[in-house]
Amino acid sequence: MSPQTETKASVGFKAGVKEYKLTYYTPDYEPHDHDILAAFRVTPQPGVPPEEAGAAVAAESSTGTWTTVWTDGLTSLDRYKGRCYHIEPVPGEENQFIAYVAYPLDLFEEGSVTNMFTSIVGNVFGFKALRALRLEDLRIPPAYTKTFQGPPHGIQVERDKLNKYGRPLLGCTIKPKLGLSAKNYGRAVYECLRGGLDFTKDDENVNSQPFMRWRDRFLFCAEALFKSQVETGEIKGHYLNATAGTCEEMIKRAVFARELGVPIVMHDYLTGGFTANTSLAHYCRDNGLLLHIHRAMHAVIDRQKNHGIHFRVLAKALRLSGGDHIHSGTVVGKLEGERDITLGFVDLLRDDFVEKDRSRGIYFTQPWVSLPGVIPVASGGIHVWHMPALTEIFGDDSVLQFGGGTLGHPWGNAPGAVANRVALEACVQARNEGRDLAREGNDIIRKAAKWSPELAAACEVWKEIKFEFQAMDTL
């Protein structure tokens, strides 16, 4: 055995197990502008020092393995290894730490969210030295961002396509989500759109089931939106869910939607996968289709605060992969969403440059260079009484999506749509007049209801509806 091999095998090892911190914990390292940076919430097993846990994350998500291998000598580990460069305790939590890891850009394939996630959130999440691990945030450097197309069109192009400015857009998910025939489904779409909504939506699990095949649904929905456009003089859209069992079938459905002349299609990006999503986003840009993204399955990944991936990371990944809309929570409805955290990743979706702000869960300053923005979609248990808060929280560049809050109107779908449109227009006008929506919101809705019987009926139906549960994810 050569002296060099003896040296390698005798430093930092005990009974064949490598101490990761000797190689991968580098507190003196200054991250480069072109590094991908990650903030992990680490919960080590009892007896494992935080430095060893952080170094283990850096190693197992980059070049490391549990023992030395002779092929280490054939490359430059110092160039390619991930580095845990800083560790800090999580305030108020016992035995939890934020470990900051820097990854050299050469570890990742250009333009591939799939490859980036395979490394950073791959096998390391099953590592025995950790009780739990959560990826809280990523810093994507401009050099890597520029390898992605991003959203097919972005916020401004969408507004120009729709010819709608100065207010949030209104949507509705058709219910019941499963069981309607294609013709009845199209009728529900028509009633909502003629009542004043901008969009209606396939639910995330509507694909091509025996009760309603995708081609029939596409045809009846296209008929509904074209008829409502003629009646209202406004451009309308329906999110036709192109998600399918194969990428080839998904693209076939998107092609048919384009041939029908509809403006937008939809994809379930987590269940469908990032590779499929990026492929569809490229098709949509090349063919003038907007792309609505649903985040079905996200809570499996992001709901537990000490294990998984925070949604702000999934939102960044979606902006890279491509989508013009994505569901983002409501803060006020039935689904999980704490206000400061939600607004943090809403800014990450829409803005060109977002400063580090730990009070909103943003661990890194994020420049997006020229990547278009994504419109956040607020949906889930919202109704007309929520309109002032939603208008204030999300602003104009958003979609406010009322499913039950439209279809549950006692007079039907079209009056439900009218109620939402009147409430929105009243809130936008009040905001433009300088009124405080947070303080005067209920009064604004009551006054608008005096000249809109549809809104008055909606206010009466949902006056007692609240979803008051403690948030799972808090700062």
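Glycine is no exception: its Cβ is also placed from the backbone N, Cα and C atoms.
If you look up Swiss-Prot, you'll see Pro3 marked as N-acetylproline, on the strength of sequence analysis. Positions annotated as N6,N6,N6-trimethyllysine by Swiss-Prot: Lys14. Taken from Swiss-Prot, the feature substrate binding site covers Asn123, Thr173, Lys177, Arg295, His327, Ser379. Annotation source Swiss-Prot lists active site, proton acceptor at Lys175, His294. Taken from Swiss-Prot, the feature Mg(2+) binding site applies to Lys201, Asp203, Glu204. The N6-carboxylysine annotation in Swiss-Prot covers Lys201. Annotated site 'Transition state stabilizer' per Swiss-Prot: Lys334, in sequence order.
Everything Swiss-Prot records as a feature, shown here on the structure.
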residue	record	DSSP class
Asn123	substrate binding site	helix
Thr173	substrate binding site	strand
Lys201	Mg(2+) binding site	strand
His294	active site, proton acceptor	strand
His327	substrate binding site	strand
Ser379	substrate binding site	strand
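The number of other CB atoms found within 10 A of the CB of Lys177 (substrate binding site), across every protein chain shown, is 13.
Same-chain residues that are not part of Lys201, Asp203, Glu204 yet have a Cβ within 8 Å of the Cβ center of the Mg(2+) site turn out to be Thr173, Ile174, Lys177, Asp202, Asn205, Val206, Tyr239, Asn241, Met266, His294.
Highest Cβ count within 10 Å among the active-site residues Lys175, His294: His294.
By the criterion of other Cβ atoms within 10 Å of the residue's own Cβ, the least surrounded of the binding-site residues Asn123, Thr173, Ser379 is Asn123. Non-local contacts of His327 (substrate binding site) by the CB criterion (under 8 A, 6+ apart in sequence, same chain) comprise Ile293, His294, Arg295, Pro376, Val377, Ser379, Gly380, Gln401. Note on Lys201 (Mg(2+) binding site): other Cβ atoms within 10 Å of its Cβ, all shown chains, come to 29. Taking Lys201, Asp203, Glu204 as the binding-site residues under consideration, the smallest Cα distance to Lys177 (substrate binding site) is found for Asp203.
Contacts of Glu204 (Mg(2+) binding site) defined by a Cβ separation under 8 A and a same-chain sequence distance of 6+ are given as Asn241, Thr243, Asp268, Thr271, His294, Ala296, in order along the sequence. The record assigns Asn123, Thr173, Lys177, Arg295, His327, Ser379 to the substrate binding site, and the maximum Cα to Cα distance across that set is 37 Å.
A 10 Å radius around the C-alpha of Asp203 (Mg(2+) binding site) takes in these recorded positions out of Asn123, Thr173, Lys175, in sequence order: Thr173, Lys175.
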